[in-house]
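*Asks:* Here you go, one structure.
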Amino acid sequence: MGIRDIEKMEKMGNFEIMERIAGHEQVLICNRPEVGLRAIISIHDTTFGPALGGTRMQMYNSFDEALDDSLKLSRGMTYKCIGADVDFGGGKGVIIGNPKTDRKPELFRAYGQMVDSLHKRFYTGTDMGTEIRDFTHAFKETRQIAGKPPEFHGGGDSSEPTALGVIYGIEAANKELYGTRDIASRTYAVQGLGKVGFKVAEHLLARGAKIFAADINRDSVKAIADRADALDGEVEFVPLEDIYTVDADVFVPCAIGGVINDETLKDFRMQAIVGSANNVLASDPHGEMVHERGILYAPDYIVNSGGLIQVADELYGANPDRVMAKTRSIGHSLERIFDISKEKNIGTFRAADEMCEQKLELRRKMDSMFSAGGRPKWDFDN
Ligand code: NAD
């Protein structure tokens, strides 16, 4: 926040915003009417390294709503970065605007200047409502852009590592439930055959598993049927609403959030939930419900962190082999989370948060031991 903003708030006698941003390191607000940029960047925590998080563009109803979104999402990124074991902290940008009509080059150039003003404390890229070509404009103003296409020395499409992370997650869940990582001996209900879900389905079929699949897009359904023929695999298509009640072992949500809710849990019989979709649980109580019913839930932000691993890796100079090796560690993190959940008899979603909080606390203690020398300087050559 700029000093003038604070003085204005003091005059207003209103410290409500200061209370809301408590717990975050920094919030930057920008209003550039000449290019139509109204944006907020929230940096939650940089203990592990500079903040990393996408920038979304959305028509928020109010400044408060946009601020709350950026605060919540940047906090989530701290956990996600710790869970993925990348040396970055949590941050998020939000641009208040209509993604269909307001995505202008000059707006993104101005956004690039805003990002640059943070002097390598924040790295960003696409999220809901923004595309990589928007960030090619921002890239003219700042090097603090991640998730770039290969022609900009970036890692490109992140759905492959994300899909692989889901496969490692399924292996970890199978080991926990059935004592073996073997994929072929189980059945899977894949919801969503988009960039990630299609690749997950392909991996499962290639490894000899039977899958049930549902997607609102008929072309995707046709494409996976063709792939199944080519791989000599077995896929059974089900109506959208039936994907929750099929007689499969593992539910693999790769479409939308909130799919584990009161309604879908009614006749849910599958033993595990492992997928790429964000915010799979409609709420924390649904995470408790799942735990009480003995359904093994692999926390979404751990399972789907393959894409984040690739984006973070790019800032050290993109290296696909390193990304694949690191993505493998998603399975190990899940095994640790399943252990914490059993030891403490808490839901896996809570166990994941606890694991990240413990790592954060330990790192803070380590840093304080060496604080005389100051924190290491972050620098990337891209
Ligand atoms: P996508 O848009 O390419 O694919 C989503 C697919 O789900 C589409 O084929 C769509 O038709 C289908 N779909 C939508 N609603 C559906 C419904 N009700 N029932 C069945 N199918 C439905 O998206 P994606 O990149 O594959 O991402 C999938 C999920 O994983 C999203 O929740 C995304 O946020 C999350 N995720 C993706 C990445 C990544 O690297 N792409 C990384 C982390 C998390």
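In case you wondered, yes, glycine gets a Cβ from its N, Cα and C as well.
Whatever TrEMBL says is automated annotation, not expert-curated.
For reference, TrEMBL lists these features for the protein:
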ACT_SITE  LYS92  active site, proton donor/acceptor
BINDING   GLY192, LEU193, GLY194, LYS195, VAL196, GLY197  NAD(+) binding site
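Would you situate these features in the structure and describe their surroundings?
*Replies:* DSSP assigns LYS92 (active site, proton donor/acceptor) to a strand in the three-state reduction.
The number of other CB atoms found within 10 A of the CB of LYS195 (NAD(+) binding site), across every protein chain shown, is 16.
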*Asks:* What is the separation, in Å, between the Cα atoms of VAL196 (NAD(+) binding site) and LYS92 (active site, proton donor/acceptor)?
*Replies:* 23
*Asks:* Could you measure between LYS92 (active site, proton donor/acceptor) and LYS195 (NAD(+) binding site) for me? Cα positions, answer in whole angstrom.
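*Replies:* Taking the Cα atoms only, LYS92 (active site, proton donor/acceptor) lies 23 Å from LYS195 (NAD(+) binding site).
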*Asks:* Based on DSSP, name the secondary structure state of GLY192 (NAD(+) binding site): helix, strand or coil.
*Replies:* coil
*Asks:* Going along the chain, which residues six or more apart from GLY197 (NAD(+) binding site) have their CB under 8 A from its CB?
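*Replies:* Same-chain residues close to GLY197 (NAD(+) binding site) (Cβ under 8 Å, separated by 6 or more) are VAL190, GLN191, ASP215, SER220, VAL252, CYS254, ALA255, GLY275, SER276.
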